[in-house]
């Protein structure tokens, strides 16, 4: 990148970051996630490091927060409320320590670690032991007076005089009680002096979910997250609103010099004064101890009653911390060691169309590699043509990519203000990019498909699907081996797999006699398969695992199905109308199933599979309680007590069925945390929505606590 290009990019980044920081810190609104904003900021910092001559005093990297609102009284901070620099890896943490040692070679580098709660920073000033003023961070130098709202939070003491000796009454005596100097200063300051304490106002997940349930019942828009809701509550002009929100507070810093020499002592002092502090916080001798703490908290993260986005690591020794000073607007002696972000910003280098096993055309964004969720992402799904138009994604755009858990990364937003005018509009091709045949998009569907039955891309994807775990589950037969077998003409359709012998495999790269033997044994073992898995393996359009189970159950009522030929005979007698009698199968799916079994290619394939000695069987269901019989469910969001697969098993074993999408026929939608569009569809259609506890109770598996 040239200096000119860097200048243009930096100016756009500064403007965009400033816009979002103003929304976030001043108006308590969000257009993009914290992770996406962090990603933009990190890009800016990297560019400024590469081109230091382009750093300006008004750069977001050189300041904290946003301007206070005019409607609140402005409050100057005697000691600035600084923000923290971020670190996202052990390598970055090691670099942080190295920079500190360079500045202060003789420093005491032991650490104090605590949770980074996703809340709202507040400064509390006590005069003669009584809360005199509470103020927000604002721009770090000047905040806003929110005293009346803060007084509604029960976790914040209005007077300190009643609390100084409470620590002695507890089972765990505090070490500062042995420090006569600290105790003397504290008593003096409570009676005649000032004490400033800072911490985080936050809202628990439980309270947040309750507020949103109430708003939903009233038909009001739902709040985005606990952090913004807590911030908005504090900024209400009517303190009764803040009081109704059941906010909480966690103290983390004692600004006033009360004789403390370590950050750990600060925690003990504020706890002795009656404040809640982080119960997980602890001293760490060196970075390896910090890393162990980080890993432990990462495992506990989802079970915590509040949201966190990392841990704060501070130099424990106050004198060393003071000598390290400030760099920009952040203390050099502390850092926010953040968890891997689920979202990040990057640039679309190209948009490529992939052809799936059913001929579905899926546009995929090839993006500049970016770390998300602990892995490097270079491709992100754009789903379909309508989604591209909705987002208005163009080649060259700066986009927000999201990856949660093992979900395929996807583009969820475009930062249009960063456009240069050189971006290219993408259009879906009119012909298949692989075989060149026509593309058809059926009316009412969002997916365009290649209709060529001999399309090489479709055939390859169909083979991958056929041997996958939910289907034939042939261990050792992956895409690379299937490609090699296809290239030499040994496999042209799924039935050819069952005629492979060791001699066919040995000439292929990476195959020895032992590995060839193992694969042929695996293929032979796979010849016996349940009817439901076999139906799914065929790759019929619109037939997912759940639909395949419903079909298998239906076909076995029509006669004995022990071979593919039996299946063809029974299925060929069905009409689209008769198939719609199967619960959960609508007109579109029924037509797709009928079309498949009427197709000449499918008939030939089923005959070849019969000749390959494929044996089908349908396990008899075990007798058990069926509390969900006749009920249908759709799952959305993140469940706490069950994985998605465990929930599906629970539904099936209870006699219910699982659907992939919401329709008027759906019985219930089970909504976990962060539900998706299925939740909105359910509300629109009037489908009953259950939370996880309600679902478990219905299934006879209620969890307590």
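Just so you know, glycine gets a Cβ as well, placed from its N, Cα and C.
TrEMBL: automatically predicted annotations, no manual curation.
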Query raised in the report: Among 49, 137, 368, which residue does TrEMBL annotate as binding NAD(+) together with 83, 84, 114, 200, 338?
Result: 137
**Report entry** The annotated coiled coil range in TrEMBL, which must be one of 2-29, 30-57
**Finding:** 30-57
Query raised in the report: Within 10 Å of residue 338 (NAD(+) binding site) (Cα-Cα), which of the recorded positions 116, 432, 435, 450?
Result: 116
Query raised in the report: Taking only the recorded positions 83, 114, 116, 137, 200, which one has a CA atom nearest to the CA atom of residue 432 (Zn(2+) binding site)?
Result: 116
**Report entry** Spatial neighbours of residue 84 (NAD(+) binding site) that are distant in sequence (at least 6 apart) but have CB under 8 A
**Finding:** 312, 330, 331, 334, 335, 336
Report task. Would you mind reading off the Cα separation of residue 114 (NAD(+) binding site) from residue 450 (Zn(2+) binding site), to the nearest angstrom? Result -> 55
Query raised in the report: Listed recorded positions are 83, 116, 137, 200; which of them have CA atoms within 10 A of the CA of residue 455 (Zn(2+) binding site)?
Result: none
Requested in this report: List only the single closest residue to residue 137 (NAD(+) binding site), chosen from the recorded positions 116, 435, 450 by CA-CA distance.
Outcome: 116
Report summary line: Within 10 A of the CB of residue 435 (Zn(2+) binding site), the number of other CB atoms across every chain shown is 17
Query raised in the report: How would DSSP class residue 455 (Zn(2+) binding site) in three states?
Result: coil
